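Annotated features in TrEMBL:
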- His139, Thr140, Lys283, Asn292, Arg301: substrate binding site (BINDING)
- His175, His220, His275: divalent metal cation binding site (BINDING)
Amino acid sequence: MKPLLLTLGEPGGIGPDCIIRAYKNRPELFDHIIIVTPGLWMEQRATQIDIPTVIFEFSTLNSAIQAKATGLRCWNPVPSHIATGPVVMGKTSQMTAMAVICCIQTAAESCLARHAAGMITGPIEKAVLRSAGFNFPGHTEFLAHLSRQPQAEAETDFVMMLASASLRVALLTTHLAIKHVPETISMQATIDCIRIVQRDLIHRFGIPKPRLALCGLNPHAGEQGHFGREEIEILMPAAESARLDGIDVTDPLPADTAFSATNRHNFDAIICCYHDQALIPIKAISFGESVNVTLGLPFIRTSVDHGTALDLAGSEDVSYSSLVEAIEMAITMAQKASS
Ligand SMILES: NC(=O)c1ccc[n+]([C@@H]2O[C@H](COP(=O)([O-])OP(=O)(O)OC[C@H]3O[C@@H](n4cnc5c(N)ncnc54)[C@H](O)[C@@H]3O)[C@@H](O)[C@H]2O)c1
Ligand SMILES: N[C@H](C(=O)O)[C@H](O)COP(=O)(O)O
């Protein structure tokens, strides 16, 4: 199996804590993992939280892959003209923003070049990266941009999904102001999203016949047009078109009952119109046990379900459970892809 690349995200946040604590408790999980980071970011945090950890830094991916080292293998791709510090635990800094972006981009390019099976990402502080010139609202959109072919025609070619043992949610729209959601949802983008979810549930998750639910945008799924017409004009025709292609997807359901225990059991994924329609239920039910996975990319990408939690950096209260889930999911997907 090719290696999986792990980016730690914001170095002042809990990303380094999660990796060090996960490695201490589940070292075997890291057999196929190379962390894309300056080694110093990991060494500093290991010292600060007093968890002795053997950390090796390599300057090339190949040397990291070849190393027979017992410890955390870090590949530092950051060129010397890009600042890597100082890192202050619990604080973000413009001084590390470009290095954070460099690590994510280099990891993605290695996946695209097929030097790695996929990537797992730690949490970034989005506002800090934005003010450093990063023109994307999150990893998902950045990785989709890096992966996109110039002649690509689909309106939607990637889907954000959060997945746990009890629920999977997929998003028609990702990081944008709520007032822009209605104008962003189109029939073609909805059909593209449904197709991507269907295809990746089969190929990445091994679900032979996915059963999909689609949520309405408006209260009561529009109440037959009385509370909005997006269901009638966009979502129902998109679902009908997908069903003609053999996809098992519902007409738009009222979102307030879409996440009932029965529906969570009966559907393999619930497709939602906007970020919080999807992420509130899954984080309420499974925060710390769910995985953020990007569908539609030419490589595997999983991530933790939490943010940078600056308030907890360096604390014993940091949970690394979502990182473990994200690593396990990436390994399972990579093994499936290579079998
Ligand atoms: N995958 C990502 O890159 C990602 C995901 C979500 C948020 N973010 C970013 O993180 C920053 C902070 O976002 P937020 O405050 O909304 O969410 P957050 O997940 O960082 O924190 C929400 C709450 O959960 C707690 N928490 C989070 N992770 C925890 C963990 N592993 N163990 C124990 N407690 C934990 C925090 O202390 C806080 O009380 C923002 O810049 C946001 O954009 C990044
Ligand atoms: N929307 C995600 C969440 O709230 O957990 C998170 O911001 C991660 O997004 P990216 O993976 O696109 O960075």
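The backbone N, Cα and C atoms fix where each Cβ goes, and this holds for glycine too.
Shown here: features listed in TrEMBL, placed on the structure.
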residue: His139; record: substrate binding site; Cβ within 10 Å: 24
residue: Thr140; record: substrate binding site; Cβ within 10 Å: 25
residue: His175; record: divalent metal cation binding site; Cβ within 10 Å: 14
residue: His220; record: divalent metal cation binding site; Cβ within 10 Å: 16
residue: His275; record: divalent metal cation binding site; Cβ within 10 Å: 18
residue: Lys283; record: substrate binding site; Cβ within 10 Å: 17
residue: Asn292; record: substrate binding site; Cβ within 10 Å: 25
residue: Arg301; record: substrate binding site; Cβ within 10 Å: 27
Where Arg301 (substrate binding site) falls in three-state DSSP terms: strand
Contacting binding-site residues for ligand 2, chosen from Thr140, Asn292, Arg301 when the Cβ sits under 6 angstroms of any of its atoms: Thr140, Asn292
Inter-residue C-alpha distance, His175 (divalent metal cation binding site) and Thr140 (substrate binding site) (nearest angstrom): 9
